[in-house]
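Below is one structure, written out as structure tokens, with a few remarks after it.
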Amino acid sequence: MQLILLSSLLLLGLSLANGHETDPEGQILNSLVETVGRLEKKIDKVENAFLTVHRARSFGSGSERLYVTNKQVGNFEAVRNTCVQAGGHIPSPQLLNENKAFASVLERHNKAAYLVVQNSAKFTNWAAGEPNNADGNKLCVKADAQGAWHSASCDEDLLVVCEFSFI
């Protein structure tokens, strides 16, 4: 579709460059209008399909955020880089239902994963005795397989889970 649009634009450009000030019969312009119309319809279909899939994936959790793993493990920086490259970020659940959706991924894989806790967070899910950085080297936060939060070393290799917000 992009090739057709580019070809039409090229033809229009060549026509104008060869001294044709207009498209006398409107063929090139009409072709461009039709192509743009078809592209708009396809974009609408893709958007609707995407939203349908997103709603279906988030239906059980009630969360507008999607939590996905590639089943790899890594330290905090590696997880952050992986998530950024994928267009997401390290999970930062803001609500109970978001933490449940995040925890469901961890429970399926029976592993812990990093998360980011905002300073202004209204929701937290700290395990008993947490946060605890008594030894001074637990500068990160991880969620266990049940979704409870713990202080953690940023060097631990944990499950890569990324959060994607689409809406």
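The backbone N, Cα and C atoms fix where each Cβ goes, glycine too.
According to Swiss-Prot:
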| type | residues | note |
| --- | --- | --- |
| SIGNAL | 1-19 | signal peptide |
| DOMAIN | 62-163 | domain 'C-type lectin' |
| DISULFID | Cys83-Cys162 | disulfide bond |
| DISULFID | Cys140-Cys154 | disulfide bond |
Inset, instruction - Let me know the most crowded of the disulfide-bonded residues, choosing from Cys154, Cys162 and counting other Cβ atoms within 10 Å. - result: Cys162
Inset, instruction - Averaged across the domain 'C-type lectin' (62-163), what pLDDT does the model get? Just tell me the whole number, please. - result: 94
Legend entry - Three-state secondary structure, which DSSP defines for Cys140 (disulfide bond): strand
Legend entry - Tally of DSSP helical, extended and coil residues in the domain 'C-type lectin' (62-163): 24 helix, 29 strand, 49 coil
